[in-house]
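Visitor: What Swiss-Prot shows for this protein is this:
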COMPBIAS  246-256  compositional bias 'Basic and acidic residues'
COMPBIAS  293-311  compositional bias 'Acidic residues'
COMPBIAS  312-326  compositional bias 'Low complexity'
LIPID     C442  S-palmitoyl cysteine
REGION    204-229  region 'Disordered'
REGION    241-329  region 'Disordered'
SITE      D92  site 'Implicated in ligand binding'
SITE      S176  site 'Implicated in catechol agonist binding'
SITE      S180  site 'Implicated in catechol agonist binding'
TOPO_DOM  1-12  topological domain 'Extracellular'
TOPO_DOM  39-48  topological domain 'Cytoplasmic'
TOPO_DOM  70-86  topological domain 'Extracellular'
TOPO_DOM  108-128  topological domain 'Cytoplasmic'
TOPO_DOM  150-172  topological domain 'Extracellular'
TOPO_DOM  194-368  topological domain 'Cytoplasmic'
TOPO_DOM  390-405  topological domain 'Extracellular'
TOPO_DOM  427-450  topological domain 'Cytoplasmic'
TRANSMEM  13-38  transmembrane segment
TRANSMEM  49-69  transmembrane segment
TRANSMEM  87-107  transmembrane segment
TRANSMEM  129-149  transmembrane segment
TRANSMEM  173-193  transmembrane segment
TRANSMEM  369-389  transmembrane segment
TRANSMEM  406-426  transmembrane segment
Amino acid sequence: MDHQDPYSVQATAAIAAAITFLILFTIFGNALVILAVLTSRSLRAPQNLFLVSLAAADILVATLIIPFSLANELLGYWYFRRTWCEVYLALDVLFCTSSIVHLCAISLDRYWAVSRALEYNSKRTPRRIKCIILTVWLIAAVISLPPLIYKGDQGPQPRGRPQCKLNQEAWYILASSIGSFFAPCLIMILVYLRIYLIAKRSNRRGPRAKGGPGQGESKQPRPDHGGALASAKLPALASVASAREVNGHSKSTGEKEEGETPEDTGTRALPPSWAALPNSGQGQKEGVCGASPEDEAEEEEEEEEEEEECEPQAVPVSPASACSPPLQQPQGSRVLATLRGQVLLGRGVGAIGGQWWRRRAQLTREKRFTFVLAVVIGVFVLCWFPFFFSYSLGAICPKHCKVPHGLFQFFFWIGYCNSSLNPVIYTIFNQDFRRAFRRILCRPWTQTAW
């Protein structure tokens, strides 16, 4: 890339200040993402390790690539040694390629989670995700190695002003652009199109599925022991479920939480059309598990963790439960403890309802997280497409289609800006990341989840 006239002092200061802010914001934001995933219970799903690796790649761009690109841009020539130029170019391709291959892997993970939920979620373990991440980095390394092995034609070198540029041969430009950007983009578009079709087909079957397993929406289970189930709806359970529809926080059907028995997995939740017993004294909002009013100020920041501590669990009837006053229960029944009350379970109805509820909540979480990742992928493509398009166009018809230097540099830096945008996207579109960021910034962080 030939450089134009040097920038004025004012322009140099403005550009340096803006890029320095970009570097600091990228490091801070992506470090926050890594801490959030590693320390937040609501973000400890194995697939979120993809986001940790992606954030690490963005931090490496901000620390090893952008500062030297800034110096090269402002000085108009490569100030550093020739060996570092070759390493710098290879790392630039490596980190950019790893970012888009990460997104491609995330897209495939989303597709398998939506299309083969039961089969795939049982195999979606941290070890398996880490193996996929390692494969992603190996693919990126293979694509980035040619500049180190084959120097090729780097164009004329001005006297006294060394330049640091990639191989200028058309075959390499086209091959690297296809391997680093266009091919992964095509895969992601096809995968997300398939996910959209699956979701559309699922929505068409929605009215049949909303009534629960094997029953319509209007059907109510018969009371056990003379009216054990009241006629009221289950707002508390619905609110817990909606609060837990978070960023991919789904467990496989074969997994259990600590302290959870096989019997609990079948009786811990009910479809929303089933009924709840009114809980006396619970009409207005209180601190979770009878917390004192002083603790309510912290409740908003730790809502997810508190809900997990008191999430719906089927427990044997006893004189008092963990989260509510004692109630008189029919013999042989079980009670479902929730944040705002109790639900009495008749005999034999918990297993089917629990499986239905967990399956439906899992699908909802997958759909919401898929939307967030679609935004991440869309922003990435918007940021990098102008650069790769103009870069490839210059190789196809270098004399008549070459983009002006200033515009090409603008596209170049817009691509780098993408490294700072993912934390912003997570904050805007995902409440779990918002809560995790708030907790990290306002109090000491806790033990990592892995």
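Even glycines carry a Cβ here, placed using N, Cα and C.
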Visitor: Among the recorded positions listed here, D92, C442, whose Cβ has the fewest other Cβ atoms inside 10 Å?
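Guide: It is C442 that, of the recorded positions D92, C442, has the fewest other Cβ atoms within 10 Å.
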Visitor: For S176 (site 'Implicated in catechol agonist binding') and D92 (site 'Implicated in ligand binding'), what Cα-Cα distance in Å is obtained after rounding to a whole number?
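Guide: Cα of S176 (site 'Implicated in catechol agonist binding') to Cα of D92 (site 'Implicated in ligand binding') measures 12 Å after rounding.
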Visitor: Tell me, please, if the transmembrane segment (129-149) and the transmembrane segment (369-389) are in contact, taking contact as 3+ Cβ pairs under 8 Å between residues separated by 6 or more positions?
Guide: no
Visitor: Where among 13-38, 87-107, 173-193, 406-426 do we find the most Cβ pairs under 8 Å to the transmembrane segment (369-389)?
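Guide: Counting Cβ pairs under 8 Å, the winner is 406-426.
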Visitor: As a quick check of your reading of DSSP, tell me how many residues in the topological domain 'Extracellular' (390-405) are helical, how many are strand and how many are coil.
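Guide: DSSP classes over the topological domain 'Extracellular' (390-405) add up to 8 helix, 0 strand, 8 coil.
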Visitor: In whole Å, how far is D92 (site 'Implicated in ligand binding') from S180 (site 'Implicated in catechol agonist binding') when you measure between their Cα atoms?
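Guide: One finds 11 Å between the Cα atoms of these residues.
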Visitor: Pairs 6 or more apart in sequence, C-beta under 8 angstroms, 3 or more of them: is that satisfied by the transmembrane segment (49-69) and the transmembrane segment (173-193)?
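Guide: By the criterion, they do not touch.
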Visitor: Report, as numbers and ranges, which residues of the same chain sit near the transmembrane segment (406-426): CB under 8 Å and 6 or more residues beyond its ends.
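Guide: 1, 4, 19, 22, 25-26, 29-30, 32-33, 51, 54-55, 58, 61-62, 65-66, 69, 73, 96, 99, 247, 372, 375-376, 379-380, 383-384, 386-387, 390-391, 433.
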Visitor: To the nearest Å, how far is the Cα of C442 (S-palmitoyl cysteine) from the Cα of D92 (site 'Implicated in ligand binding')?
Guide: 35
Visitor: With DSSP as the yardstick, break the topological domain 'Cytoplasmic' (108-128) down into helix, strand and coil residue counts.
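Guide: Per-class counts: 16 helix, 0 strand, 5 coil.
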Visitor: Which numbers of helix, strand and coil residues does DSSP report for the topological domain 'Extracellular' (70-86)?
Guide: 11 helix, 0 strand, 6 coil
